[in-house]
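What follows is one structure encoded as structure tokens, with my remarks underneath.
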Amino acid sequence: IYRVFIFIRILSTCSTQPEAMEEENPLFSNLDLFLFTLIAGLIIYWFMSRKKAEPIPEFKKLDQPAPSTQETSFIEKMKKTGRNIVVFYGSQTGTGEEFANRLSKDAQRYGMKGMAADPEEYDMSELSRLAEIGNSLAIFCMATYGEGDPTDNAQDFYDWLQETDGQLNGVNYTVFALGNKTYEHYNAMGAYVDKRLEELGAKRVFDLGMGDDDGNLEEDFVTWREQFWPAMCEHFGVEASGEDSSVRQYELKEHNDINMNKVYTGELGRLKSFETQKPPFDAKNPFLAPVTVNRKLNKAGDRHLMHLEVDITGSKIRYESGDHVAVYPTNDTVIVNRLGQILGVDLDSVISLNNLDEESNKKHPFPCPTTYRTALTHYLDIIHPPRTNVLYELAQYATDPKDQENMRKMASSAPEGKALYQSFVLEDNRNILAILEDLPSLRPPIDHLCELMPRLQARYYSIASSSKVHPNSIHICAVLVEYTTKTGRLTKGVATTWLKNKLVADNGHKSTVPMYIRKSQFRLPFKASNPVIMVGPGTGIAPFMGFIQERGWLKEQGKEVGETVLYCGCRHKEEDYLYQEELEEAKKAGVITKLNVAFSRDQEQKVYVQHLLRTNKEDLWRQIHTDNAHIYICGDARNMARDVQTVFYEIAEELGGMTRTQATDYIKKLMTKGRYSQDVWS
């Protein structure tokens, strides 16, 4: 329209007589007014008469899942499905979730109806409404992670508990805590939830249970559980339905004619996510990182210590020194094939296990549809000794009455049963394959076995590199786990065996590692000028390789870098001195100001890092007390971390003139201020 206006205006101008152009014209001529009116009319007509775009009809693809309409109100869900018990879990490795599922199944045997629930999936502020449901109870199976922290899926719930001032009057609850006594903050999360719920007005109907993974977590849980249910029956005035019976949670569906493009082959979330990778990468969507380096670190000896590097170019993954890399290993194909053979099944059959409870958020125990081979290789933990509930559920399939009796006995809390489970399963380290081999009358259906097996979990490794120096690469340091059990079977660590076999080029193909980053609080001081004292024997040196690289990088940038002191250790200098060349080069360059290495078995009397700490006590006390040094411990929690902490107590006593109580408080304050950090495992 605008172009038409200009064209007409030019024509009218060109047709005007020259003498007329010399005369003074008004601002708008009659022609201008006519044209403006015409254009306005055309614009109005266009707006009034134009058709609205017709919506394109949507056609659902066959077999395409409907959009998620997941219920976020656990109260409404409980009311809708007639449940009165909800079991929330905080779980990092799957054990808390497993215990929650067992308790929710138990409820049926006591005339009640339960549901296991991930607090991350629900609005936990609705907890106050639980009193609306008659004879209701909230059970919390809460694991403690790291330095007394909540697990990832319980973080929001923990934050809500800290911030809320709402009242939970009329809410009945109990807590079972999962932890490890070797850690500083043993069962801190479970204890906090137990205490905080009471403060908010909820009623504790059964004592806090304390599970210790350093001892026998399964026994702790079974003992607590067998005391808990009778107490609940008395509290709610109900009676147990009699003999315990096996309750299936999933039903088997076999797919005889299915498009294999719709079958999971190891993916954790989105189907075909390993073929078409899309960021962001996390626990449900790991990145397939190509292995660029896999070398043996030790020169000799009967162990295999390894250094791997994986490439994260183009993944948009970011990490910091001190973070952990999580990797998803697979089970040994020899064990998988043997399971298929002993149970007489075609492992390549395509199946789905569908939840019998249609209202459950958890539709399958692992991604389905898939094959038995994929489930046993990628999704299920078939290496750890099975828990007592698995033995109990499978006992019905043993044709020998004695086998059946012993399996049920091991699942009880009777002293004889506990002792049998301890010796036959735990001390002899029997996994499910070993149990099937040693109990020839036991041949359960493989679908029930797959239902009962826990999920294969990611393994976490302290990153042995700095992103300042290696932005597109993540380094891993690990030692191969391999030992012979009392029954003469060679047991291999799932993840370390898998990592060892990740060759840089495997039959012309690049080996890849499904991975993601888990953030950590194990951080270098904000001020580079602060001294750092690093204690990491064995593979505990891993995060300190990253710290050393970063301190070297800061030095190159012209930053003032404080003292960087390392205490590390190995068995023999000529066999397994990890990263010897790199450490000595860093010492030569002045990045490491003091390198202290304990070669524990190079002399008659064993020497460990704690002995070297005592030798350098004056320097250490100056660095800590006067120069504001930050202390970092990485490695074994059971012995090394405790012994090292004891040395620091002794130094504070001797050189700080403190009592043991004062020295303990002094170190605890350093922890609170973030100046004493631990990255330890048991």
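Every residue gets a Cβ built from N, Cα and C, even glycine.
Computed from a predicted structure; not experimentally measured.
According to TrEMBL, the protein has these features:
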BINDING   R303, T539, S600, R601, K606, V607, Y608, V609, Q610, D643  NADP(+) binding site
DOMAIN    85-229  domain 'Flavodoxin-like'
DOMAIN    284-525  domain 'FAD-binding FR-type'
TRANSMEM  27-48  transmembrane segment
| message | Mean pLDDT across the domain 'Flavodoxin-like' (85-229), rounded to an integer, is what? | response | 94
| task | Tell me the Cβ contacts of Q610 (NADP(+) binding site) under 8 Å, same chain only and six or more apart in sequence, or just say none. | result | M640, D643, V644, T646, V647
| Which residue, out of the binding-site residues R303, K606, shows the minimum number of other Cβ atoms inside 10 Å of its Cβ in this structure? | K606
| remark: Other C-beta atoms within 10 angstroms of the C-beta of Y608 (NADP(+) binding site) total 17
| Distance in Å spanning the most remote Cα pair of R303, T539, S600, R601, K606, V607, Y608, V609, Q610, D643, given for NADP(+) | 25
| Nonlocal neighbours by CB distance (under 8 Å) for S600 (NADP(+) binding site), same chain, sequence gap 6 or more | G569, C570, R571, K606, V607, Y608
